[in-house]
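Reviewing the structure listed below.
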Amino acid sequence: MREKTPKQIVDLLDKYIVGQNEAKKSVAIALYNRYRRTQLPEDVQKDITPKNILMAGPTGVGKTEIARRLADIVDAPFVKVEATKFTEVGYVGRDVESMVRDLANEAVRIVEKEEFVKVESQAIRQANKTLVRLLVPGVKRNNRQNQMQQMQEMMQSLLAGGGMPEETEEVTDEIRNQRLSVAEKLDRGLLENEEVTIEVEQAPKANPMGDMMGQMGMDMSSMLGDMLPKKKVKRTLPVGQARKLLVQEEEKKLVNYDDIYQKAMDRAGQSGIIFIDEIDKITAADKRNSAGVSREGVQRDILPIVEGSTVSTKYGPLSTDHILFIAAGAFAESKPSDLIPELQGRFPIRVELNALTKDDFVRILKDPQNSLLKQYIALLKADGVDLVFTAEAVDKIAEIAFEVNQGTDNIGARRLATILEKLLEEVLYEGPDMEMGQITITQAYVEQKLSDIVKNKDLTKFIL
């Protein structure tokens, strides 16, 4: 399947993000260049590195939203991290290499999902066979082997990677006929609500040492593999739910995880994308730096990752040479030139996002696929209430949002969510008790609910 063209990517972003065409174009071109590179000879491919992007603009204008929507659009491993979460090597906290390990985990998840689809029909057949055996159990054999022989068989099975040996059972002609009947009913979907008891692997508990081991590229559970028996728990579920769990277990048995890890590492290295948000908060000029922790040190730690280096992950080494990095920040109290020169040079494409106007707010309220107004209309529809906004009301909401942003801190489109929540507070509260019908939000209603608050600057600061 051919990759999406830059125009197609921009069209998809337009469904959710108003304006900021320059940023959309830059991101779309950078993404499509990944595809162009794959069409070249290998000796040329290795010399073409991604052109990393630095997006600067006020808060609430769409930087993070572009990243969020990109994750849905691109068929590539994508992770979003915040620069403020990282600490310099030597301090307690996440090291910068963890973003690459997160990308490796995401790549494995994507490839694993693709491989599961390939074996799904086989896994379903196997799960149905298991369900038939559980619904019509056989007669347990009275095994008279001595304990030493049982222990030997168990150890041989564990060393061979087969887990604990299953108990043998005897199937009589009567049981065989019953199983054929149950199998037919299963195929016709007649037993979906019947309860069945199954054994499933217990989800691993969070290990406080796990993250530390992960940072060193080690994973003890992977290293031990199948040497230790998997802990299983019994669960009684309807057949439909039980089948889903059994299919998942069968899929894991049918796929080759060595191949999955190899494909995932290749995909993460060749087409992975890392979005670094809040990069302006780690500049030396930012006033919010905590004393003692050098933000410049974090920049210097990020530098080799962006330049291209090899990071150890639990799936193997991952090279960052061809990973695309997109950094974003408001740069309200600093500017891109406050980043260390070496890091600036690694983000050759600079994009400035514009502050939002009143007209932008009107479009944000109405145009996107799941705009704020459409969300509230859908929420009240659940109570049987039809919520309608007049054009004048929408215009007034946008005007108030713009005025409040100008008069207090400018938080961009996020101001709309605060204003709408305050505006519709009473409607949302009374909604379940209202008779089914239509509620129309007019300009007069908006002014009645919000004008007094907007005029009082002290109230505005605390409420809107």
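Note: Cβ is positioned from N, Cα and C throughout, glycine not excepted.
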For the ATP site that Swiss-Prot gives as Gly60, Val61, Gly62, Lys63, Thr64, Glu65, Asp277, Glu342, Arg414, the extra residue out of Val18, Val239, Val454 is Val18
With neighbours defined as other CB atoms within 10 A, the best-packed of the binding-site residues Glu65, Glu342 is Glu65
Span of the recorded ATP site, as the biggest CA-CA distance among Val18, Gly60, Val61, Gly62, Lys63, Thr64, Glu65, Asp277, Glu342, Arg414 in Å, is 34
In all the protein chains shown, the tally of other Cβ atoms within 10 Å of the Cβ of Val18 (ATP binding site) is 21
Across every protein chain in view, the count of C-beta atoms other than its own within 10 A of the C-beta of Val61 (ATP binding site) is 26
Glu65 (ATP binding site) -> DSSP, reduced to three states, gives helix
Same-chain residues at least 6 apart in sequence with Cβ under 8 Å of the Cβ of Lys63 (ATP binding site), in sequence order, are Ala23, Met55, Gly57, Asp277, Ala328, Gly329, Ala330, Leu353
